[in-house]
Amino acid sequence: MSFELPKLSYAYDALEPTIDAKTMEIHHLKHHQAYVDNLNNAIAGTELEGKSLEEIQKTGTDKPAVRNNGGGHYNHSLFWELLTPGGSKEPVGNVKAEIEKIGGFDKFKEDFSNAAKTRFGSGWAWLVKNSDGSVAVTSTPNQDNPLMPVADKQGTPILGLDVWEHAYYLNYQNRRPDYVNAFFDVINWDKVEELYNK
Ligand SMILES: [Fe+2]
């Protein structure tokens, strides 16, 4: 059973003006599809074939093609679910309570934005859940993520922001900070809470 490109639950133009339709379409149909195809090729006939996508993050990343494309598939699959037209503006429930413990929502926004803006080159900013239930902000290069043993900071991703240029260049060009600021308008905090409670 091969991995497949997940369908989006909203139209490509649903996140405008934060993320434009053309960027969404290319990002999903071209970039994400390529990660899926390359991951399937990389694991075909290996001991990783048939493993879950989460398991592949934890055990397959000693192989560069699996690390890059398995990470790419996992990260993007999560990312699409974390976006919603209109956004829900602020954290809810347990995530809201945990964010309070690390300084509150404004401090979180500042820390998360800094992680996203200062990640050199391509990568991701994350909010992760630690094993004790606390949350923390971190970032990873390329298509790495905090499930991977190679990550500086381990944890379960509950919010992620793609800061590769392919995620924003058509609309924002070199203005990554503007893209990062706008991201807060389309976050699906209900989904973040669902991931935290899993
Ligand atoms: Fe991407």
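Just so you know, glycine gets a Cβ as well, placed from its N, Cα and C.
Note that TrEMBL annotation is computational and uncurated.
Keep in mind it's a predicted model, so treat the numbers as computed, not measured.
Quick look at what TrEMBL annotates:
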DOMAIN    2-83  domain 'Manganese/iron superoxide dismutase N-terminal'
BINDING   His27, His76, Asp162, His166  Mn(2+) binding site
DOMAIN    93-194  domain 'Manganese/iron superoxide dismutase C-terminal'
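Within 8 Å of the Cβ centroid of the Mn(2+) site, not counting the listed residues His27, His76, Asp162, His166, the chain contributes His28, His31, His32, Phe79, Trp164, Ala167. Taking the Cβ of His76 (Mn(2+) binding site) as centre and 10 Å as the limit, one finds 24 other Cβ atoms among all the protein chains shown.
Secondary structure at His166 (Mn(2+) binding site), taken from DSSP and collapsed to helix, strand or coil, is helix. In the three-state DSSP scheme, His27 (Mn(2+) binding site) is classed as helix.
Of the binding-site residues His27, His166, His27 has the largest number of other Cβ atoms within 10 Å of its own Cβ. Long-range neighbours of Asp162 (Mn(2+) binding site) (same chain, six or more residues apart, CB within less than 8 Å of its CB): His27, Asn75, His76, Phe79, Trp124. In this model, the domain 'Manganese/iron superoxide dismutase C-terminal' (93-194) carries an average pLDDT of 97.
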